[in-house]
Amino acid sequence: MTERVLIKDLAAHEDGTVTVSGWVEKVRDQRYVQFVVLRDESGAVQLVNGGVLREPDPENPRSDILVPRTTTISELTHGTFLTVTGELQHNERVKLGGVEIQIESIEVITKSLPDNPVAEDSGIDVRLDWRFLDLRRPEQNLVFRIQTTFLHALRNVWVERGFIEIQTPKLMASASESRAELFEVEYFEGKAFLAQSPQFFKQMAQAAGFGGIFEVGPAFRADHSFTSRHATEFTSIDTELSWIDSHEDVMELHEELIVAGLTAVREKHGEEVQKLFGIEITVPSRPFPRIPLAEAKELVKARGYEVPRADADMDPEGERQIAAWAKEEHGNDFVFLTDYDSSIRPFYHMRHEGDAHLTKSYDLIYRGTEISTGAQREHRIDVLEAQARDKGMDPAELSFYLDFFRYGVPPHGGFGMGLNRVLMLMLEQSSIREVTYLFRGPNRLLP
Ligand code: AMO
C-alpha cells in the first residue's frame, strides 16, 4: 500500500516529502500560483503549485521565481480524488492547519462530475439522496466514529461482565411487539414478519442458561410516521440478564452502560465535538433519577401541563416536561420513568405482587425523548399465559415462546435501546436522519 499520511497527522509530521490522498474541495487558480484544498476522512490541507524559488534557468531569467501553472490543476473538479506527493512545509500563516504542501506530482485517481448535487444549504432530503457525498462532511464522519466508540465502550462493559453476544433472526413467524407495526413479507408459499425486537430470543437465551447476553442489530417497525425520532428500520441495542431481583437491577446495568459509553465518547471525541458541533458531551452522574409514571404525571401537571390521557403513556410534551424537572432538580439529562400501568405494557412484563395493575418496568428518557424500554419479565408460565390471555392473545400462537418457560428459567430482565435516538440526543441533532448511516422511513428506501 502507498505510504499515505492522514491529513490530520500532517501538523505533527516533520517537513519533507509526503504523500496524501483525498477529494478536491476547492481550487484557486491565480496567475502565478495555484491552490487546492484537499480533504480526506480526517481533515483538509492546502496544496500549492507555484510561487516558490527554483534553480534559475540561464535560458529563462523569470524561471527563478515561477513554477509553471498546470492545466491538470486548473481543470480539477470538486470531488475528484487525487494522490499528491510534495514537500510538506509548516507555515503559521496558513490558516488551514498551519501547514501546506508544495506539489511535486499529482495523480488523478478518479474524476468527479463537475456539478456537486449537494450544496452547503441543501435540505435533508437532498442530502439523504446523495448520502455518500453528505457523509464526506467532517461532522458526519465524526458521528460514525462516535458511534463506533460508544458501542465499543458498551461491549467492553458486557464482555467484562461475561455476557455473550448473540445474533437473533430477523425473519419471524409471529409478531414480537405490537401487531400494529408489523412488516409482513412473502416467505415462499407462506408469510413471515420482520423482527420488531429480539425480545423473545433474548429471553430464550435465559432459558438456555446463557445468563447475560447482548445484541446490537436491526429492528423493523411498520410505523407510518414522519417524526424526527421514528424510522421503519433502526439499530436496537438489546441486553438481557438472569438472576435479577427486580427491574432495579436492569436499571443499574443500564446506567453503567450509558455512563461508560458517554465517558468514552467524551474522552476520545470531546474536543472535536466541541469544534464541529459547538456542544459539550456531558456524562450523567449515577444514580439517574427514578420516578413512577403516575407521580411523573402529577409533577408535570404541577408544572402546568396535563398529559392528555391519564391511562396512557407519557406523550412527547410530558416527556419534555419531566426531563426539564430532572434537569432542574437533579442536574441530570436522564430520568427513569418506572412502574407503568399493565394496560400500556406488553404481556411479558412482570407485574407487582401487591398491585397487578403496575408493572416492574421502566422507560429511560434522555433530554426529553424516550430512548429505552426495560423490565423484569414474567418467568412463571401460568402467570405468563394468563397475562397473554388478558391481552387478548392466543397462547397457542405463542407456543414456541411459552415453551421457554416450561423447562425451568431463572428470573430475568433486560432492555432495548434505540442507538439512533441516543446519538441524535447526545449530539443535539434535530432528527435521527442526521445520525443514521442510511435512514429508512415510509418514503425512503433509497439509496
Ligand atoms: P420499545 O418498543 O419501547 O421496546 O423499543 C425500544 C426502543 O427502541 C427505539 N425505537 C425506535 N427507534 C427509532 N424508530 C422507531 N420506529 C423505534 N421504535 C422503537 C426507542 C425505544 O425506546 N422489546 C422491548 C424492549 C425490552 O423490553 O427489552 C421494545 O422493543 O429508542
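The backbone N, Cα and C atoms fix where each Cβ goes, glycine too.
Automated prediction, rather than curation, is the source of TrEMBL annotations.
A strand conformation is recorded for Thr373 (L-aspartate binding site) in the three-state DSSP classification. Sequence annotations record features per position, and here TrEMBL assigns L-aspartate binding site to Glu177, Arg221, Thr373, Arg377.
Annotated ATP binding site per TrEMBL: Glu370, Gly418, Leu419, Asn420, Arg421, in sequence order. Its own atom aside, the Cβ of Arg421 (ATP binding site) has 23 Cβ atoms within 10 angstroms in the protein chains shown.
What TrEMBL lists as domain 'Aminoacyl-transfer RNA synthetases class-II family profile' is 144-447. Mean predicted confidence for the domain 'Aminoacyl-transfer RNA synthetases class-II family profile' (144-447): the pLDDT average there is 96.
Among residues of the same chain six or more beyond the region 'Aspartate' (199-202), those with a C-beta under 8 A of the stretch's C-beta atoms are 166, 168-169, 176-177, 213, 215, 238-240, 348, 400-401, 404, 414, 416. The region 'Aspartate' annotation in TrEMBL covers 199-202.
Asn420 (ATP binding site) sits 14 Å from Arg221 (L-aspartate binding site), taking the C-alpha atoms as the reference points.
Same-chain residues at least 6 positions away in sequence with a Cβ under 8 Å from that of Gly418 (ATP binding site) are, in sequence order, Arg229, Phe234, Thr235, Ser236, Ile237, Ile371, Ser372, Ile432.
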